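Below: the structure, in C-alpha cells.
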Amino acid sequence: MSMTDLLKAEEIKKALEAFVGVTFDPKKFFELVGMKAMSAEKVKKVFQVLDVDGSGFIEEEELKFVLKGFSEEGRDLTDSETTAFLKAADKDGDGKIGIDEFETMVHE
C-alpha cells in the first residue's frame, strides 16, 4: 500500500510545500494533509506505511525521513525537528512512537 492509496497526492504536495524553509510542525502537517479528518483505522494504515522496518514503531531514525514516506519529494527533518516530533508523540517515554501514540497525536 502506498501513501497515495490513503491520501490525495495534491494534499500531500501542498502540505509538504507548507514546510519548505519553515520549522516542521507535525500536527499542522497532519491537518493539511487531511489526516485529522480520517478515521482511527485509516490513520493506523498511514502509520504502517511510515513504519518502514515493520517493527510496530516509528523509531527516531525513521522519523527523520518521515516526510519521504508521504512523497519522494519530502525533505529530511532536522535533528531538532526530529527530537521535537518524538518528544510530542512519545507519551510513554520509550524513545519511539507506537501506533496508538501516532493516532492520538494526529487527532489531538
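Glycine is no exception: its Cβ is also placed from the backbone N, Cα and C atoms.
Listed features, source TrEMBL:
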{"type": "BINDING", "residues": "Asp51, Asp53, Ser55, Phe57, Glu62, Asp90, Asp92, Asp94, Lys96, Glu101", "note": "Ca(2+) binding site"}
{"type": "DOMAIN", "residues": "38-73", "note": "domain 'EF-hand'"}
{"type": "DOMAIN", "residues": "77-108", "note": "domain 'EF-hand'"}
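When other Cβ atoms within 10 Å of the Cβ of Glu62 (Ca(2+) binding site) are tallied across all protein chains shown, the result is 19. Mean per-residue pLDDT, taken over the domain 'EF-hand' (38-73), amounts to 96. Listed as Cβ neighbours of the domain 'EF-hand' (77-108) (distance under 8 Å, sequence separation of 6 or more from its ends, same chain) are residues 23-24, 26-27, 30, 35-36, 38, 40, 43-44, 47-48, 51, 56-60, 63-67. DSSP places the residues of the domain 'EF-hand' (38-73) in helix, strand and coil in these numbers: 21 helix, 3 strand, 12 coil. For the domain 'EF-hand' (77-108), DSSP puts the residue distribution at 20 helix, 3 strand, 9 coil.
Neighbour density at the Cβ, taken as the number of other Cβ atoms within 10 Å, is lowest among the binding-site residues Asp51, Asp92 for Asp92.
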